[in-house]
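J.: Pulled these features from Swiss-Prot for this protein:
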REGION    1-43  region 'Disordered'
LIPID     GLY2  N-myristoyl glycine
LIPID     CYS3  S-palmitoyl cysteine
LIPID     CYS4  S-palmitoyl cysteine
CROSSLNK  LYS20  ubiquitin cross-link
MOD_RES   SER27  phosphoserine
MOD_RES   THR28  phosphothreonine
CROSSLNK  LYS31  ubiquitin cross-link
MOD_RES   SER42  phosphoserine
MOD_RES   SER56  phosphoserine
CROSSLNK  LYS60  ubiquitin cross-link
MOD_RES   SER98  phosphoserine
CROSSLNK  LYS103  ubiquitin cross-link
CROSSLNK  LYS104  ubiquitin cross-link
REGION    121-161  region 'Interaction with LAMTOR2 and LAMTOR3'
MOD_RES   SER141  phosphoserine
Amino acid sequence: MGCCYSSENEDSDQDREERKLLLDPSSTPTKALNGAEPNYHSLPSARTDEQALLSSILAKTASNIIDVSAADSQGMEQHEYMDRARQYSTRLAVLSSSLTHWKKLPPLPSLTSQPHQVLASEPIPFSDLQQVSRIAAYAYSALSQIRVDAKEELVVQFGIP
């Protein structure tokens, strides 16, 4: 019938062929979708090279994928967990010892020895913030109005013959 969840027992040859191609991409199709025999000799070599390159990329990607859903979390015993944890910690120790340039950097400056008290204190009143902003604006205005007037020449020529 036409329902979303209905199942039909009789499949057409084309449906079976499509399922076969989807399930097994390495199988070569015996018929094209229109029923004609495929002509492999008419394909240009660039197309086959591109297809081979794409197939190799797909194979590399498939070999690098870890199927997390297929991993059995119950199959590992505690001593295996401990061995892996020890192995990871030794790898991290080797990597951290090779990163000596990180150790040479100075630590961040500390403005206070008790930052939790500074963060827990009362916030600065808004009037104080406005006053600081106003003073900064006055200072900027005063600095921008400074002018240098040239009264005489900067380099004086002496009468040397």
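Heads up, residue numbers simply count up from 1 along the chain you see.
Yeah, the Cβs are placed from backbone N, Cα and C, and that goes for glycine too.
Could you tell me the structural context for the features on the list?
T.: DSSP assigns SER56 (phosphoserine) to a helical segment in the three-state reduction.
Using a 10 Å radius centred on the Cβ of LYS60 (ubiquitin cross-link) and all shown protein chains, the other Cβ atoms total 10.
When other Cβ atoms within 10 Å of the Cβ of SER98 (phosphoserine) are tallied across all protein chains shown, the result is 8.
Sequence-distant neighbours of SER141 (phosphoserine) (same chain, six or more apart, CB under 8 Å from its CB) are absent.
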J.: Looking only at the region 'Interaction with LAMTOR2 and LAMTOR3' (121-161), what are its DSSP counts of helix, strand and coil residues?
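T.: For the region 'Interaction with LAMTOR2 and LAMTOR3' (121-161), the helix, strand and coil counts are 19 helix, 0 strand, 22 coil.
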J.: Who sits close to SER56 (phosphoserine): which same-chain residues at least 6 apart have their Cβ under 8 Å from its Cβ?
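T.: When sequence neighbours closer than 6 are ignored, SER56 (phosphoserine) has nothing within Cβ distance under 8 Å.
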